Amino acid sequence: MALMITDECINCDVCEPECPNDAISMGESIYEIDPHKCTECVGHFDEPQCVQICPVACIPVNPQHVETRETLWQKFDRLTGSRADAGAATSLPSQG
Ligand code: SF4
Ligand code: SF4
């Protein structure tokens, strides 16, 4: 699933540099997540980094972009070129 930033965002700027996919950028008034780049941090980290760091917890799942874990891995592959080439990537976890 891609995540999204709600209007509770206080523009604190801390999430943008944490995103390994450069999916976060400043929008018209608050930060936004590009759903085509957000892998929910799959391929990079165990937990979504923006969610971990956001002080106001305003980053829920984007209901317009519900994706399976396998789809997120495919997105990661697309973004990085190859799963094997990504140094930070870990092997596919077992079911779950
Ligand atoms: S979940 Fe990860 S990939 Fe998605 S926007 Fe947050 S930091 Fe970026
Ligand atoms: S960390 Fe949360 S409050 Fe801060 S800019 Fe990102 S989404 Fe907005």
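If you go along the chain as it appears here, the first residue is 1 and each next one adds 1.
Just so it is clear, glycine is given a Cβ too, placed from its N, Cα and C backbone atoms.
What TrEMBL records for this protein:
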DOMAIN    1-29  domain '4Fe-4S ferredoxin-type'
DOMAIN    31-64  domain '4Fe-4S ferredoxin-type'
Which residues, given as numbers and ranges, are at least 6 beyond the ends of the domain '4Fe-4S ferredoxin-type' (31-64) yet have a Cβ under 8 Å from it?
1-12, 14-16, 18-25, 72-73, 75-77, 79-80, 83, 86, 88-89
Secondary structure content, the domain '4Fe-4S ferredoxin-type' (1-29) (per DSSP, counts of residues):
3 helix, 4 strand, 22 coil
As a test of reading the model: what is the averaged pLDDT for the domain '4Fe-4S ferredoxin-type' (31-64)?
97
